[in-house]
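TrEMBL lists 28-38 with the feature compositional bias 'Basic and acidic residues'. Per TrEMBL, the feature domain 'Inner membrane component' maps to 152-202. If you look up TrEMBL, you'll see 376-495, 599-741 marked as domain 'Sodium/calcium exchanger membrane region'. Positions annotated as region 'Disordered' by TrEMBL: 1-38. As annotated by TrEMBL, transmembrane segment applies to 155-181, 269-290, 345-364, 376-393, 405-426, 446-468, 480-500, 547-567, 599-618, 630-650, 671-690, 696-717 (among others).
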């Protein structure tokens with residue numbers, strides 16, 4: 001959900017696989033490089049042909065120029081071509097800044113590991129684009145003529161903040177003039193009133209102290225010197241010592257009195273105003289430059305002596321060599337601030353974190369719904385799951401990138417599905433306590449909705465958005481085929497008890513009416529279902545339940561076999577090589593955003609908060625299920641199923657925009673496989689120790705929707721390439737299924 005794109009992807013070797021095109025011919029650069037390149041080719045082919053799971057063993061030599069065919073040794077290439085090695089399989093090389101980042105990229109291509117787009121280490125400043133550099137730059141750089149400052153974003157600032165902020169400065173200036181001793185601050189506020197009405201194209205400078213007063217003002221210089229080195233993510237510059245009374249010997253009592261009047265009367269009101277502007281602009285994200293402007297004003301400009309603050313128009317300003325530019329802003333709106341991150345955390349996740357605190361306070365303090373209603377609390381709890389899912393994903397990726405394979409596999413298997421399982425288990429516990437079967441049906445709907453959404457909606461949406469930028473996108477059909485085979489196996493295993501009950505169960509209907517008034521005529525029946533408890537539950541306890549337990553054991557075993565197949569014995573099907581060499585002769589040390597212990601603490605805290613939010617969501621969903629005219633099926637397959645997966649959807653879209661559709665597809669497939677092979681068996685295991693109303697028997701609608709989705713996905717992914725049209729087909733089918741769920745009657749008993 002944060003930062004810039006993944007490093008570039010380059011194809012190595014001339015052999016093609018899955019329909020890949022052969023690269024164009026490159027001419028030799030000279031005969032002197034022949035022996036060196038020939039040895040590199042040998043090492044390249046030997047490494048590729050013997051790769052066994054670890055994707056980072058080849059080293060940095062893959063970044064060197066490609067080998068002309070005339071210079072390749074016979075041991076490597078038996079048949080000459082226009083590029084490198086004919087006997088080598090295609091390798092996709094991903095470059096990373098350091099070993100930790102390379103490990104994270106490698107984990108993205110490992111089956112069963114959470115796919116994570118954001119960086120887990122700080123990127124080198126020189127590698128960032130000019131757009132991103134501007135996001136983190138201070139508002140104190142004077143540029144050349146950038147055209148007119150009258151833009152839509154600047155006008156928006158005037159309408160939202162500029163007019164009333166300028167009016168407040170005028171009022172404070174009048175108040176300071178009335179105090180007489182605060183007249184210098186009154187003149188400062190008058191100048192700042194004009195500045196904040198339209199700050200664009202203007203500059204605020206800090207005037208140097210004359211030499212005759214430098215000795216007397218040493219206390220101020222010492223205070224500012226002590227603040228050097230402190231920085232703020234919001235301010236982006238040095239933070240001076242605050243609340244220090246600046247009294248000069250030649251000013252005497254009146255100067256000190258004016259400062260006291262300013263700090264007591266004028267400064268607090270302006271700080272509150274700028275704080276409000278700062279918070280509002282920060283929450284709007286695209287107005288973060290305004291937040292920086294207000295923050296630096298409150299902490300720098302308003303704490304300077306008034307005679308040292310100069311406000312001028314940019315075209316009339318010539319900055320002296322010894323002068324310091326404090327503020328210089330050109331535009332209020334920057335749409336690229338969605339990439340902004342604080343300590344590796346995307347700005348949207350930072351802004352949504354207070355929502356979690358508000359949700360927990362309202363949910364557990366206002367237990368009698370005196371302040372808000374149950375639907376509001378349910379909505380807040382559901383929205384709070386999104387940032388918590390982001391923090392859990394970031395923590396898992398950070399721990400896995402800094403640990404060995406075993407630790408990463410354990411962490412991903414333990415916490416990879418914690419978001420969904422937390423909600424499902426709390427819902428089943430509440431339904432068991434209340435004796436309400438609706439909660440079990442909601443859980444089944446959410447499981448089916450997650451399966452259908454990750455098979456159809458997630459890859460389809462990624463295809464559509466990625467296809468807008470790239471005319472045709474290719475992916476590794478062999479790796480996608482492994483996930484598809486596991487999906488077929490898992491769907492068949494999950495719905496096997498349902499099909500068994502349809503064959504051997506007894507159809508029971510709630511009420512039937514004769515529509516022809518003839519005893520032998522047609523009957524219209526309602527609330528029909530297959531009764532598994534006939535003859536004291538002999539069918540269920542003797543046949544269906546043992547089948548459920550058998551399937552719940554076989555599915556995790558199949559998952560482990562899939563892990564061993566893709567990560568150990570057949571890891572070469574993922575045609576990926578991760579190199580931790582940033583540039584030839586240019587290495588960077590890893591500066592991780594979150595250490596392993598910090599990531600572990602955040603992971604545990606996020607899991608606890610997730611449990612609390614899931615408890616609140618299930619506590620306040622009852623009025624929605626009872627009073628809503630919308631089918632409970634629809635609520636389960638949409639809101640409860642897809643909201644926790646929003647961070648994964650964003651990751652998939654970002655991968656697709658960078659023409660890395662393989663990871664976009666793997667995100668959806670991996671979640672769907674985990675739903676069937678891990679989450680459902682865990683729920684069955686939970687019902688053994690804590691009896692609930694959950695049985696592994698789904699409605700016909702869930703069965704048909706899931707099986708049709710898996711078949712359609714496999715048909716689309718057969719040829720290893722796609723475009724936006726095929727993505728549109730998947731998305732349209734998903735919305736058709738949603739329409740079916742919307743108009744379907746609620747489950748029996750709800």
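Yeah, the Cβs are placed from backbone N, Cα and C, and that goes for glycine too.
The recorded stretches the transmembrane segment (630-650) and the transmembrane segment (376-393) share 3+ CB pairs below 8 A when only pairs 6 or more apart in sequence are counted, and are therefore in contact. The transmembrane segment (446-468) is not in contact with the transmembrane segment (345-364), judged by fewer than 3 CB-CB distances under 8 Å for residue pairs 6 or more apart in sequence. As a quick check, the transmembrane segment (376-393) and the transmembrane segment (671-690) miss the bar of 3 or more Cβ pairs under 8 A, pairs 6 or more apart, so the two do not touch.
Below 8 angstroms of C-beta separation, residues 1-3, 118, 282-283, 285, 288, 337-338, 371-372, 377, 380-381, 383-384, 386-388, 390-391, 394, 593, 609, 612-613, 616, 619-620 of the same chain, each at least six residues beyond the ends of the transmembrane segment (345-364), sit close to that stretch.
Broken down with DSSP, the domain 'Inner membrane component' (152-202) shows 42 helix, 2 strand, 7 coil. Same-chain residues lying 6 or more positions outside the transmembrane segment (480-500) and placing a CB less than 8 Å from one of its CB atoms are 111, 451, 455, 543-544, 547-548, 551, 554-555, 558-559, 562, 565-566, 573, 662, 665-666, 669-670, 672-673, 676-677, 680, 695-698, 703, 706-707, 710, 713-714, 717, 720.
By number of Cβ pairs under 8 Å, the transmembrane segment (671-690) is matched best by 547-567 from the list 405-426, 547-567, 696-717. Helix, strand and coil residue tallies for the domain 'Sodium/calcium exchanger membrane region' (376-495), in that order: 104 helix, 2 strand, 14 coil [DSSP].
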